[in-house]
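What TrEMBL records for Lys231 is active site, proton acceptor. The NAD(+) binding site annotation in TrEMBL covers Gly35, Ser36, Gly37, Asn38, Trp39, Gly40, Phe123, Ala179, Arg295, Lys324, Gln326. The substrate binding site annotation in TrEMBL covers Lys146, Arg295, Asn296. Look at TrEMBL and you will find 30-197 tagged as domain 'Glycerol-3-phosphate dehydrogenase NAD-dependent N-terminal'. The domain 'Glycerol-3-phosphate dehydrogenase NAD-dependent C-terminal' annotation in TrEMBL covers 220-367.
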Amino acid sequence: MAPSLEAQEGETVAQNSFLNSANDASNRSKVTVIGSGNWGSVASKLIAFNTLRLSSFHDEVRMWVYEETLPCGEKLTDVINRTNENVKYLPGIKLGKNVVADPDLENAVKDSNMLVFVTPHQFMEGICKRLVGKIREDAEAISLVKGMEVKMEGPCMISSLISEHLGINCSVLMGANIANEIAVEKFSEATVGYRHNREVAERWVQLFYTPYFIVTAVQDVEGVELCGTLKNVVAIAAGFVDGLEMGNNTKAAIMRLGLREMKAFSKLLFPSVKDGTFFESCGVADLITTCLGGRNRKVAEAYARNGGKRSFDELEVEMLQGQKLQGVSTASEVYEVLSHRGWLELFPLFSTVHEISTGLLPPSAIVEYSEKLPRSF
């Protein structure tokens, strides 16, 4: 017996609904977070909240984890997937049931068209080399990585490193973002820096934006990225001031001078950098919060209290439980650029931070450099 017209219509509607659902699924963006430290775990939490509530994203968020064996004998990825918590780098915070930890980098990025990079900058080149030919051609990237690579031909920003190795567009996200505060949903802001495509930038804003994490976009990748990179050098200087108990006036002066050098260095390297970027969250706001409460300031304070007798490497291992300092390595890279280009005298604060960090000068030299300030700035 032939099905009734009503039944046929019902079947057609069901088929169309299924096809539309399949098309919607194929058009939804899939996200992978490459990195699972303190900030990487918080980024995964933010993203997981949004992928569940926004239909334009797949629910699942893959998080690549550099595999470690915990003292209990379990693998870190197994514990994250069982407890929904990064017990080593973000204990006590649930990431979201849709976050899946994956120790296999290639598998973690498979089929993803939105790649979020958030690892220490010294590991980025190796990660990019492993991903060549392993990602979708239409993928977009965003870097939350603070730092730069210094090569023979000059400094290379991490966003450029990603684009050059993988052949994809890369935006950046920086801001006044102490991870542990965002993890407990205290109000914060961030800045997305993009190159040309405003629609791509708005998609990144959608992915990260929550009621407690406000994200805005500016067309200035280099400016946003350099702010996020260079503020860690200034934070080392602020830590020296704290360790020597020089007081708030001195610290404020160091922060102001540091912001001046951040802006001058950025515009010398990239004349396209916009003045307004330094007044976004990625600029002065990030500088303030990092100089008041970040890990670079904390370890630099301990270095100064010990009179420079204990190395930063030793203090990092003791104080950061596996997290990495960025300020000391960035200061070294900046110093290399300044030395190569004959700019050392133009940037006395940056130069002095490196020389103190490597033991060439005592921590007290952080306030002596000001006598050498050039009048041209």
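Note that Cβ sites are derived from N, Cα and C of the backbone, with glycine treated the same way.
Bear in mind that TrEMBL entries carry predicted annotations, made automatically and left uncurated.
Across the structure, Lys146 (substrate binding site) and Gln326 (NAD(+) binding site) place their CA atoms 7 angstrom apart. Comparing local CB density within 10 A for the binding-site residues Gly35, Gly37, the maximum falls on Gly35.
Overall, the recorded NAD(+)-binding residues Gly35, Ser36, Gly37, Asn38, Trp39, Gly40, Phe123, Ala179, Arg295, Lys324, Gln326 cover a maximum inter-Cα distance of 20 Å. Same-chain residues at least 6 positions away in sequence with a Cβ under 8 Å from that of Lys231 (active site, proton acceptor) are, in sequence order, Lys146, Gly258, Met262, Asp286, Leu287, Thr290, Cys291. For the binding-site residues Trp39, Phe123, the largest tally of other C-beta atoms within 10 A is found at Trp39.
Those residues noted as binding substrate (Lys146, Arg295, Asn296) have their most widely separated CA atoms at a distance of 13 Å. Secondary structure of the domain 'Glycerol-3-phosphate dehydrogenase NAD-dependent C-terminal' (220-367) per DSSP (helix as H, G, I; strand as E, B; remaining residues coil): 115 helix, 0 strand, 33 coil.
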